[in-house]
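Notes to accompany the following structure.
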Amino acid sequence: MKPHLKQWRQGMLCGVFAWGLFFVVIFLYFTDSSPAKPAPSSFSFLETRRLLPAQGRQRAIMGASEGLPEGADLRRGSPRGLPSGPLRTWAGDGFEREQEFLSVQTGRTSLSSFAPEDSAPGTSGRLFPGDPGPEGARPPRAAPGRRAKRGPRRQSLSARGEDGERLYSSMSRALLRRLWKGDASARMLHPRLQKAMGAYLRANKHGVRFRGRRASGRSRTELLCALRGRVQVRTLDGTEPPFSALGWRALVPPVPLSRLLPRRLRTCAVVTSAGAILNSSLGEEIDSHDAVLRFNSAPTRGYEKDVGNKTTVRIINSQILTNPSYHFMDSALYKDVILVAWDPAPYSANLNLWYKKPDYNLFTPYVQHRQRNPNQPFYILHPKFIWQLWDIIQENTKEKIQPNPPSSGFIGILLMMNLCGEVHVYEYVPSVRQTDLCHYHEPYHDAACTLGAYHPLLYEKLLVQRLNVGTHGDLHRKGKVVLPGLQAVRCPPGA
């Protein structure tokens, strides 16, 4: 009996050992084949995705070289002397014969009335509580045993999301009214935008060191006189290193931008790309101005009723020149108009440092375009002009503003205030059609496009509204701000 019992015990032990080994192997197999993936940071994915549009959405475009530009030495193959062709009279005579050039620009049916083949528009992340987030941002599913407990919780979250949407909508309307009055604050922004602004303030990518004095209580006249005395349009003229050593003096247009348009320009229009301009029926009014400025890749074809068709000046950021999807070299959007490009540079405006490491390498395509189209006026704004505008915004704002360059919109407004007797700006300060649609020609939504995260947009708009001499009705219904040209401002001696 004992031998049988002993054999039985040994068999039991072997069986237990075999089952244990089997379970260990199974456990190791499943844990090795499906390792736990670390959960992505909620800020790194969601906030980055949400905040990219704050820089115009295009700041997310990759592929542009930021290294030392190649092929920018113009000592060989650069166009020498004055250009030939139909604009020779403009280049040679300068201010005397600009009307010949202007007649081509301001009275034309824009060849740029259609959009280039653009990349697919981005998709927006979740903007408000209750909005569906992007794919991949969904919370992990609950375990089966906990599903019954999550029902009431989900209902409460849904109700809370709807309450959040209503609250934000209410805040947005309140902020719009305060913006119309010119006394809004960053504290009224959505928490997401406040968080973004704080991040940019801490980062200070461009090394901003503001040493000016703040004078936020200036009257409209004092502010206009300060602008007149300090804001002088400046572009690269090829006389400063490193551009002087590269032959840029023979490359840039011989007539400065400030003297290009005749002083008979009575009124000019600055047409923003804001989605709020849709269904405005402002096209005919916009085309009635002597000159019209537009931005980046904003088309007119298909939108003529709302945005008009005339284009005189187009301001483009450096991404337009560097990203192939914009077809900068061959698109009709950028032909037969005055082009003005810009790129963020260090606050010190060190041209050597900027040339070696631009935000996007606009120098090479600029050289190529000038060599191919020597008769088309094409300028690059000087970094000192860009940061001078930033200084003025900060000087006239109580709060600290983002240490990033002003938006293309603000740059364009101040540019036209230097060139025109009166400037009408459309949908820069939003009308009652306010929307989170970033651009009228792209299905992309983000509040940062209107109120700013990267650019100090909120403070720019508050400053512009302080300068507004137009009517409240035009502001509310049309989103139109009327600004006096700086040359028309009458200032006391010494102002």
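The backbone N, Cα and C atoms fix where each Cβ goes, and this holds for glycine too.
The recorded disulfide partner of CYS420, taken from Swiss-Prot and restricted to CYS268, CYS449, CYS491, is CYS268. CYS225 is paired in Swiss-Prot with CYS491, the candidate among CYS449, CYS491 named as its disulfide partner. Counting other Cβ atoms within 10 Å of each Cβ, the lowest count among the disulfide-bonded residues CYS225, CYS449 belongs to CYS225. Nearest to CYS225 (disulfide bond) in space, judged by Cα atoms and limited to the recorded positions CYS268, ASN309, CYS438, is CYS268. Cβ neighbour counts within 10 Å, taken over all protein chains shown, single out ASN309 as the most crowded of the glycosylation sites ASN279, ASN309. Neighbour list (CYS420 (disulfide bond), Cβ cut-off 8 Å, at least 6 residues apart, same chain): LEU261, LEU265, ARG266, THR267, CYS268, ASP290, ALA291, GLY485.
The Cβ neighbour count for CYS491 (disulfide bond), using a 10 Å radius over every protein chain in view, is 14.
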